[in-house]
Every structure is written in C-alpha cells, then in structure tokens.
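> Quick paste from Swiss-Prot:
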- Glu218: active site, proton donor (ACT_SITE)
- His62, His64, His215, Asp314: Zn(2+) binding site (BINDING)
- His62, His64, His215, Asp314: Fe(2+) binding site (BINDING)
- Gln157, Trp320: substrate binding site (BINDING)
- His247: site 'Activates the nucleophilic water' (SITE)
Amino acid sequence: MSNNALQTIINARLPGEEGLWQIHLQDGKISAIDAQSGVMPITENSLDAEQGLVIPPFVEPHIHLDTTQTAGQPNWNQSGTLFEGIERWAERKALLTHDDVKQRAWQTLKWQIANGIQHVRTHVDVSDATLTALKAMLEVKQEVAPWIDLQIVAFPQEGILSYPNGEALLEEALRLGADVVGAIPHFEFTREYGVESLHKTFALAQKYDRLIDVHCDEIDDEQSRFVETVAALAHHEGMGARVTASHTTAMHSYNGAYTSRLFRLLKMSGINFVANPLVNIHLQGRFDTYPKRRGITRVKEMLESGINVCFGHDDVFDPWYPLGTANMLQVLHMGLHVCQLMGYGQINDGLNLITHHSARTLNLQDYGIAAGNSANLIILPAENGFDALRRQVPVRYSVRGGKVIASTQPAQTTVYLEQPEAIDYKR
C-alpha cells in the first residue's frame with residue numbers, strides 16, 4: 001500500500017448515523033464529512049472503507065510498558081496476586097538495562113499500533129535510584145511520536161513515603177520530563193502515609209503543571225478508601241479534569257451507605273476513572289474462598305451517574321498478567337461481561353469506553369471524527385459497535401495524519417459441507 005497522504009475516505013459508516021459517508025482530508029486534517037448517495041468507486045489517493053465503521057483511534061489509558069514482555073522472567077507469578085506480582089517484578093527489575101526496557105516497550109508498542117491504538121498512557125516505575133526505566137521510556141516517547149502519542153506517568157511502585165528517597169525520585173522523574181504524577185497510597189506502610197502521599201502528589205502536580213494518575217485502592221480491603229482523599233483534594237484544588245483514579249477495586253466491596261455518600265463527592269470532583277477488566281478480574285478476589293468477588297470498580301453506576309470512566313489493559317505479558325496482545329476489543333469484551341453491561345445499547349455504545357472516555361481521561365484535545373481535527377482514525381470491518389465487539393473484528397486500517405500506518409487483511413474461513421461455504425459470523 002502506498003504511504004502517500006490520503007485525500008478521501010469513501011464508503012464509511014459513522015457511529016449513530018445512517019448510510020455511507022465520505023471523509024475529506026487535507027494537510028493531515030479532516031476538512032469535511034459528506035453523506036454519500038450510494039457506494040462510490042475507488043479513486044487515486046482515496047481509501048475504501050468497504051462500508052466499515054470509522055471511529056477515532058483506540059486509546060490505551062493505563063499500561064505498564066516498562067514491565068511488558070517479562071512474564072516468567074526469572075519466575076512466574078504462581079499465586080496470581082498483586083503482591084506476588086510486585087515481588088516477581090522486583091526480581092526482574094534487578095536485571096533492567098536501558099536497552100532492555102526500550103526493546104520490550106517497542107515490541108508492545110508495535111502490537112498497539114497494529115491494533116489501532118494511537119494514544120497511550122504508560123506508568124513507569126520510579127522506585128529505582130537510577131531511574132533506568134524512566135530514562136529509557138522518555139527516549140521511546142520521542143521515537144514513537146510519529147505513530148503514538150505517549151504520556152508517561154512517574155509511578156512510585158513501592159510508595160512515595162515507604163520507599164527510600166521515594167519523594168525525591170518522584171520529583172526527579174518530573175524534572176526529567178514525566179507528564180503525569182503517580183501515587184500508590186494503599187501500598188504505603190500506613191493509612192497516614194497513604195493520605196500524606198496524596199497531598200505530596202497534588203503539590204508536585206501543581207508545582208510542575210502535571211496531570212495526576214493514582215493507583216488507588218487496588219485491593220479487596222473494603223477499608224481502603226483513599227479515593228475519597230483523591231476526590232476531595234481534586235475538588236478543593238479545582239483539578240478534577242486533570243486527575244485520574246485507576247483501579248479503585250476496593251469500591252467493589254464498599255457498603256451501599258458509604259458508596260452513596262462517596263458518589264456525591266466523586267461527581268462534585270469531576271475526576272476520571274480507569275478500570276482494567278482483564279487484570280482486575282485476574283488479580284482480585286485471591287484471598288476469598290467462596291463466593292469470590294469480581295473485584296472491578298462500579299463502572300455501571302459511574303456511567304449512570306455521569307462520571308467519566310474508561311477501560312485499560314494495565315498489563316500485557318508481565319508478572320501481573322501472563323496473557324495479552326494489546327487488543328482493546330478484548331479489554332472491552334471482558335469489561336462489559338464482568339460489569340454486566342450486556343444490553344444491546346450498552347454493547348453498541350461500549351466503544352466509547354476505549355475511545356472518547358479514555359481521551360477525556362488523558363486530556364486529549366484534538367480527538368474525534370470532526371472537521372478541523374487531525375486525520376487520526378481507524379476503520380473496523382463492522383456495521384456498528386455491537387457488531388465490532390460481537391465478532392471481535394480486527395482493525396482494517398489505522399490512519400494517522402492522513403496516512404495509513406497499519407492494515408489488517410480480514411481472515412476468511414471456509415467450511416466444507418455439501419458445498420464449500422465462506423463463514424463471516426454475520427447473521
């Protein structure tokens with residue numbers, strides 16, 4: 001396929017719209033979107049969407065690219081717990097080199113590009129006196145920029161106050177260029193340390209004009225309630241749109257009375273949430289007998305309350321999650337199941353949880369299929385969101401700045417009965 005800039009995308013479907021559409025591109029931007037009267041023939045510098053669905057690129061709002069591709073190195077996480085994952089990572093972290101981090105991150109980034117992801121927020125462990133992973137990922141951010149916008153979270157994996165020089169390392173990471181301040185209050189030694197760590201996180205974000213993304217209450221303990229501190233600080237400082245609480249799996253175990261009071265604060269604060277269905281359903285509930293908790297935050301209730309929430313991977317092939325190919329439709333598929341969002345409308349709108357909601361979480365400004373926006377989009381060989389999710393379709397094309405950066409030829413399956421018949425899994 002030619003790498004020339006496209007002028008038009010034809011025969012496209014758009015979410016919530018009837019018929020076929022053509023999208024005009026100029027200088028890497030969407031210049032106009034017009035309805036078609038019927039199927040149009042392909043012309044030079046046009047791309048045939050083949051009556052597929054055109055949507056903005058997938059967004060990965062939460063991944064750890066510094067740990068990716070390390071599952072089983074040197075040991076596997078046998079218990080499947082978050083805490084053994086941290087132990088296994090500590091073993092692997094001792095073997096880190098600059099080139100090792102870059103090679104593994106690039107391998108997964110290529111998978112993400114192939115899967116239609118063009119915006120990524122990665123957490124990078126800064127509980128390391130040398131900041132090896134951070135320095136490597138800052139280089140990767142510049143190298144991958146033509147294909148992916150990469151945000152880097154300075155993530156204090158072993159705590160801000162509970163790790164030697166944790167606060168100083170976190171601040172140094174921001175000085176070096178990390179985009180987002182991270183925290184992990186539930187992993188600090190005490191509740192008091194956890195609360196204090198959040199105050200320090202907000203102070204650093206204000207000092208360096210950074211976003212905030214907290215690993216928050218990623219535990220089955222119903223007494224882990226640091227999300228209320230995150231929301232209260234965000235509300236007090238007027239920073240809600242710039243603040244994200246990731247995981248909040250303990251919310252799965254909160255009692256109804258407390259949750260009702262909490263949701264009032266969450267709505268007032270305007271903070272964002274990221275759930276990571278594949279990893280949450282794998283790591284949580286490990287200390288339960290039966291019944292076992294699903295351990296995923298209250299996504300359905302957040303959606304009903306108008307609170308911004310999205311889905312991420314968290315991990316791909318590392319000590320916390322031994323599987324994964326960086327496919328966002330797999331994340332969405334699991335998320336809709338475990339959150340019981342299985343009505344037709346909920347499924348059809350589900351793509352928002354890995355596109356528009358995630359873009360809002362990352363504070364992306366130039367995003368969406370609209371005239372004037374950058375010509376960044378993907379084409380799915382599907383009629384609508386429901387069809388895309390049910391059939392788990394590949395990304396037919398990923399377009400960035402008006403150029404195709406990835407394409408996938410759809411597989412064709414044939415069954416040989418009385419007569420050969422192609423199977424497309426459509427009704």
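Each Cβ is built from the backbone N, Cα and C atoms, and glycine gets one as well.
On this model, are these features tucked inside or out on the surface, and what's nearby?
Non-local contacts of Glu218 (active site, proton donor) by the CB criterion (under 8 A, 6+ apart in sequence, same chain) comprise Leu82, Ile184, His186, Ser246, His247, Thr248, Thr249, Ala250, Leu283.
Around the Cβ of His62 (Zn(2+) binding site), the number of neighbouring Cβ atoms within 10 Å comes to 28.
Mapped onto three states, the DSSP output places Asp314 (Zn(2+) binding site) in strand.
Around the Cβ of Gln157 (substrate binding site), a 10 Å sphere holds 24 further Cβ atoms from the protein chains shown. Secondary structure at Gln157 (substrate binding site), taken from DSSP and collapsed to helix, strand or coil, is coil.
DSSP assigns His247 (site 'Activates the nucleophilic water') to a strand segment in the three-state reduction.
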> Give the residue from the recorded positions His215, His247 that has the most other Cβ atoms within 10 Å of its Cβ, counting over every protein chain displayed.
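Sorting the candidates by Cβ neighbours within 10 Å, the top entry is His247.
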> Between Trp320 (substrate binding site) and His64 (Zn(2+) binding site), find the distance joining the two CA atoms and give it rounded to the nearest Å.
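Just about 10 Å between their Cα atoms.
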> Using Cα coordinates, what distance in whole Å links Gln157 (substrate binding site) and His215 (Zn(2+) binding site)?
9
